[in-house]
């Protein structure tokens, strides 16, 4: 290439267009050099150096970035250029960071490039025709050089911005250094996509027929090959985005700080991932944390610390001041109070770091649903579990299935699996009717974007359905669809009525074949695909999601593990048929209330910053059909809006059994990916060798006492699928590939079972099925994996899938995942994601609480107890405290029952649990009460929970504690120690025509006896205490007030129970009243007749003499 030839510098990725010639011939029109460049990260001006030159951070590609972003990326970021991935060099005036190259005693890069010597060498450079010759003013230069340059459009992110800055040729110095490196390149070697972009209005026909307009310092003899810009075409097509011209550096810094914190916390951010765009807007995460404002959370934390201090002084007083004449009462009360304090600590400290979260559904669509391309959203398998269609009405299950089929998600990415663990033909036929109705319902939902997409609840809404509806056909189609749904309900109800009359020979199918599930405890596995890719299109001809009916095999002599076993069967079936990367499990009565719920969860699962370490996304449970007062705390708002938010700030919420999106890979028992540690920082005060000596001890590496074999085992288990694939395909040095494959296959079979198709699916971390397998062979394999003996001698229920050993398999499953180092996410969308039905009947509600408490007792008495299980894994300490609290809370029922009995005892005997209070003692009692109230008020303030919801929760804590929790403790002890199993009671999910018809219904259950007895004895105690005070005079009223306050505390907490008891006397079981009154009477008479706290008289005994004094 000739020395006099000009240079063309242009790039599709860079925001640069430079055409330079060096012969001194200039265009007749003068151009004004654009002196401003825009930082492609924050949007501010790139700025100038101290010498007045344009700031250039990367000398390799000159990617526009300002000094603030440059220093931030060097200190906190990845220290590389976002465009060319070249490590940033230290520029003048910038502090050293770890990894900087040693410099020869200079802190000025200009000396390295001889910038200061350019004035002395200017004449030589001009003589040689170097680019430096045009960087300085010289009177001898052609006059055209001093003319102002006309305005040139600056192409910046899809917007054309004209700079008004004056000409400053010195600002081209950095650019010319780059041009010198490109001087000797042949233009013909440049690919077409890298040719300069030239706007059409700047183009002119050159001598070679190419359209180009020469800019200053350009050479017309240069054989340039420009690409013309079409003004009518969006500049985004040429690689330019949009930058807002605003002063927003401070807000950007905050966003970058949060981004870096997420990167350091999760450690799985891959800067070399080509799917991550370079521009700032596209690099934003799909979700973000929203910490509770410090004005709300800091007072809350302060009052907790103050309450701890007050508790210490309170217990010091209580222990050092016994009540001598009622020592037993004093001792019992102190023990109960100490247990309550420990229980409060276990419940309180996991709420120390509450957070909220926010998702960005638009960013999810922009990243994974690009226009004109197939959707890149991950597939999701959805599980719906049901057992008894008489207690779980088929119409409720049908509404759940319909809401799933109509969800706002690509239809080819959704598969719905319905598990019928009762093998009921009623469920099968109802699902068949549902699949037919879905062909009409799904297109209606998507056409008009209705919410919710469960027809029963959509048509029951008491809202103006014409609001914001501009489609004239909506009213007509809505009426037609409601009529279709009413006919669908008639068909379902006819099936239910038919199911009540079971034939003697059992049920038969339409073709006369006996129903395989006539014997619920002895039947083969059943699978039926109703909808899917092979057929089942809606009325508009569009494809519908896959719908599969599954009933696992059951045989006598096998332990089927109830719901956990059914869920594991679904995991295997779905892995064979669809093998989606993510799973969503729902109870049959929990429908999708927000059609974008799956997208909400994908904002966490598919987030490149956060997703790889997330095992599941838990949504809160919201309920329909609850009375306005929520008498029995069915909404459980305190747990879902306070406790779960606190856990989300630690390691994530616990799994609550429904409304949860899982990562399939985490369910398979693998450890979470290892966290990449960020590069260590170095100080600038000392040389590197000295800094290494003095600063190396700041952070010592933790030593582990584990043997190398255990660590090796954990590491191999973390990346088992990858290692296995590499071993099978490539082999390991020193071992034959065949032997390695056999060994790996045997290990996988011991873990996952004898199905080769399922084992192969576990190696596909990103999901997908084997394309070579035929549908018939897959169905055959699916039947195999749901056989009753498939889990024998495998790790199913131990390390893989839902964990066995408790009726509350949800807590145990989530606990195991957290022990493997995974974290979970709590997602609370503005519109509730899922809604279900709650048992408003007190008896059913207590049975539900009994089941939860029994599961906690089983975990507490098992090897998976959080007190001693999982140490050395990835479980954080505050997260462990929350699991300990979740397993020991039923034990609080024993001290709670004793404490609620104490007021009646004190009133009947005239004794009390505390001595006469001094001024100092009164201060500690008053301080403790103030701290308790302040803690609750501040907790309600940051969580948004109303005082009525908080009070209902407190009331039901006492009601459930003295009934369901107490029975759970004894049943758990019998089950674990004596082997006496308790039956699992399915909570009724049906509803009467009257919305709250069952609110006051008291069905016979022994759970109602303890709270009724407590109510009666405390009421008797109040009457006895007041009567005694009236008989004994004025002085006895003072001590009575403390006892009455104590008794009223119990009665007020049991008031919802009392109101239900008195609400409909004709529906209250008489046996409950009789037993309760009998127990209360016996207890009261014993305390009145035999008072163990009365001191025995030691005076003389008076005997009647034989003399008649009269």
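Cβ atoms are placed via backbone N, Cα and C, with glycine included.
When TrEMBL records 385, 391, 392, 421 as binding UDP-alpha-D-glucose, the matching candidate from 562, 596, 612 it lists for that site is 562. For the ranges 853-873, 958-978, the feature annotated in TrEMBL as transmembrane segment maps to 958-978. In summary, the transmembrane segment (1040-1058) lies against the transmembrane segment (888-908): three or more C-beta pairs, each 6 or more positions apart in sequence, are under 8 Å. Among the binding-site residues listed here, namely 392, 562, 563, 563 has its C-alpha nearest to that of residue 810 (active site).
If one looks beyond the transmembrane segment (920-938) by at least 6 residues along the same chain, the residues whose Cβ comes under 8 Å of a Cβ in the stretch are 296, 299-300, 303-304, 306-307, 310-311, 313-314, 317, 321, 348, 914, 950. Across 297-315, 327-346, 888-908, stretch 888-908 shows the highest tally of CB pairs under 8 A with the transmembrane segment (958-978). Note on the domain 'Cellulose synthase RING-type zinc finger' (30-105): mean pLDDT across this stretch is 73. According to DSSP, the domain 'Cellulose synthase RING-type zinc finger' (30-105) comprises 9 helix, 6 strand, 61 coil. For the pair residue 587 (Mn(2+) binding site) and residue 562 (UDP-alpha-D-glucose binding site), the Cα-Cα distance reads 14 Å. The Cβ neighbour count for residue 810 (active site), using a 10 Å radius and every protein chain shown, is 24. Of all the binding-site residues listed (391, 563), 563 sits in the most crowded Cβ setting, with the most other Cβ atoms within 10 Å. In sequence order, 419, 421, 563, 566, 567, 570, 585, 586, 587, 588 make up the list of same-chain residues 6 or more apart from residue 385 (UDP-alpha-D-glucose binding site) whose Cβ falls under 8 Å from its Cβ. All protein chains shown were included, and the count of other CB atoms within 10 Å of the CB of residue 587 (Mn(2+) binding site) stands at 24.
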